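S.K.: Got a structure for you, written out below as structure tokens; questions coming shortly.
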């Protein structure tokens with residue numbers, strides 16, 4: 001948004017403020033005056049030459065006057081919608097839905113909707129005493145019946161069309177990612193999709209389909225992948241829609257105050273989905289979802305500042321402009337990014353209230369606005385209820401937007417505070433990222449002195465540098481309780497006239513009203529906060545693709561400290577001329593609330609410069625990027641790729657301790673063309689041999705000349721005339737070093753060697769992958785020293801099916 005757009009935005013908001021002020025709508029007037037002042041602040045930062053300071057002062061004074069009026073006079077609550085009015089609204093909504101179905105060629109659905117709409121219109125006509133409303137409903141009823149009769153007269157079974165529709169539900173082709181921020185008129189935007197690194201017609205494998213199917217069942221309820229056909233979801237009903245899972249499990253504080261569940265038409269006079277998208281109107285209540293509410297706040301602030309549909313685009317139904325609308329029939333759909341793909345979450349509009357009719361969930365301070373409560377309900381439904389175990393903003397923002405999560409600990413010894421701040425400041429103002437910051441554990445007295453909440457997420461609303469002073473503007477999702485230290489509203493010493501002017505901030509006015517928004521200097525933030533969460537706009541990367549996979553607990557050892565042979569591995573080839581960067585996001589799928597709350601699985605991604613070949617040892621070769629294992633569902637790896645490609649990397653999924661089966665998604669983001677594939681297993685024949693070094697057969701390595709010949713010997717006969725790929729793995733006790741020798745007995749070609757080895761002797765595990773001519777080879781597993789006793793497993797893989805394996809001694 002350029003300066004003139006910001007100025008126009010401020011003028012529009014100020015006009016709304018004046019309009020509500022003149023009507024006596026105090027709450028709305030206060031909200032729009034605050035938004036107008038914030039918009040002017042942004043315009044000044046962008047370089048506006050208007051006299052913004054005087055207008056901000058004018059609006060601030062009026063806000064203060066209105067707050068005094070509000071405090072002195074009991075504001076009478078708006079009347080709720082009558083039953084007659086809601087039936088009128090529902091009838092009109094159904095007619096509109098029928099028209100859209102009709103225009104889309106869905107005649108059967110349109111016919112049903114027209115008939116139901118006509119019935120509801122007739123019912124509403126009988127209930128209303130307003131003659132103009134009655135005429136309007138009569139006209140709608142006649143139009144609905146006439147169109148229904150016309151469809152009946154010409155209706156033909158469109159079996160082929162229906163078959164195509166059904167096939168769209170089972171299409172397993174990987175679709176190119178779409179730009180989720182462009183508006184949509186109930187149609188997909190595949191023509192505007194970003195380029196993908198590989199052909200868009202790559203089909204999901206059977207394993208991937210199974211993984212996505214398994215990830216659909218979250219907390220015992222099914223959330224299917226969001227598909228094009230879901231844009232035609234039916235939202236119009238003659239009776240209020242009730243989701244059978246719509247009454248969610250409540251948090252303990254909610255249960256103690258619960259008065260019941262009510263719909264918007266029972267709580268407000270003119271329900272609207274969105275009045276004006278704003279971070280300042282979002283209010284958190286009794287649900288422990290501060291990170292989620294902070295995520296809503298920064299998403300709203302981003303949408304407002306950059307005019308991109310970031311959060312509103314995920315709410316349905318929508319009008320022809322792609323804007324979410326209030327549905328008097330009570331059914332909504334929210335698109336969330338969960339377990340590897342966008343998924344469809346259907347909810348009704350019943351919300352928990354106390355005995356006085358006050359909402360017990362998060363809500364908008366604009367009394368008639370619904371989006372905050374409904375998006376929160378959709379997320380809480382997926383998470384198992386309002387008794388939410390808590391999360392972090394990386395996870396929540398990724399679920400809401402699909403933006404790439406990054407976590408930065410402010411306590412890391414290698415953390416560069418100045419470089420990091422400048423990176424965030426630059427990218428924040430370009431619209432490249434969203435940010436939150438969270439506190440760690442604090443004592444009650446320290447937290448009270450600081451005005452901060454322990455282990456709490458705060459939305460980052462602004463990042464500024466004024467004459468070398470680094471500042472953050474933060475918002476507590478509670479919408480009250482603010483920072484009390486340097487550059488707080490009560491810090492008169494630091495708020496010089498020059499600083500107040502530079503930031504368009506009146507700390508004297510801010511003292512009078514605590515809305516949870518405050519400025520804090522970077523030094524203080526580093527002292528009191530622990531973690532900075534950033535979510536990056538995926539549109540920064542024009543090339544992307546992903547793989548969905550599973551890793552079974554039985555595959556390989558519990559810990560991969562000795563062997564990576566059973567870890568999932570991938571080959572990444574980057575085709576670049578200039579130096580570039582590739583990001584890889586590992587996302588573990590979570591399907592149970594307990595797993596989400598405790599999260600005992602520690603995951604990471606290791607990167608090797610191994611020409612894209614399989615890696616068997618954790619530190620041979622040494623990892624190019626040695627990931628840190630963390631108990632978060634998301635792990636982001638950045639690969640700095642030098643110039644003059646192509647460059648090939650091996651990516652290895654790793655866990656700290658493997659206790660159970662995991663499903664995951666690996667998604668690659670790149671600026672240039674690349675190839676990304678599973679490292680294929682070429683071995684058509686596999687055999688495991690169980691052996692033992694006894695007192696008679698523990699001969700030790702070839703250094704032990706007198707006893708080396710006592711070791712077990714296994715012979716491999718690879719039939720044929722060509723080359724064969726051979727894999728030998730030895731798993732043995734970790735108490736001592738072991739390895740093996742391979743002796744070439746005879747081949748149909750020139751001998752590649754007389755003897756080769758697995759290399760340096762290692763504790764627990766040794767492996768060798770080698771290409772050899774077909775022929776006969778002896779394998780001698782041994783310990784380094786003689787008389788080291790114990791059992792072992794010898795695993796042999798051959799790319800030639802006709803391979804015979806036998807023990808010679």
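Even glycines carry a Cβ here, placed using N, Cα and C.
Not measured: the values here are computed from a predicted model.
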S.K.: If TrEMBL is the reference, give me the range from 79-109, 110-140, 141-171, 172-202 marked as region 'Disordered'.
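M.R.: Of 79-109, 110-140, 141-171, 172-202, TrEMBL gives region 'Disordered' for 172-202.
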S.K.: What whole-number Å value do you get for the CA-CA distance of residue 290 (active site) and residue 456 (active site)?
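M.R.: Distance (Cα to Cα, whole Å): 7 Å.
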S.K.: Rounded to a whole number, how many Å is the Cα of residue 476 (active site) away from the Cα of residue 456 (active site)?
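M.R.: Per the Cα atoms, residue 476 (active site) and residue 456 (active site) stand 8 Å apart.
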S.K.: So what's the mean pLDDT when you look at the domain 'Calpain catalytic' (261-538)?
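M.R.: Taking every residue in the domain 'Calpain catalytic' (261-538) and averaging pLDDT yields 91.
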S.K.: Specify the secondary structure state of residue 456 (active site) as given by DSSP, simplified to three classes.
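M.R.: SS state of residue 456 (active site) = coil.
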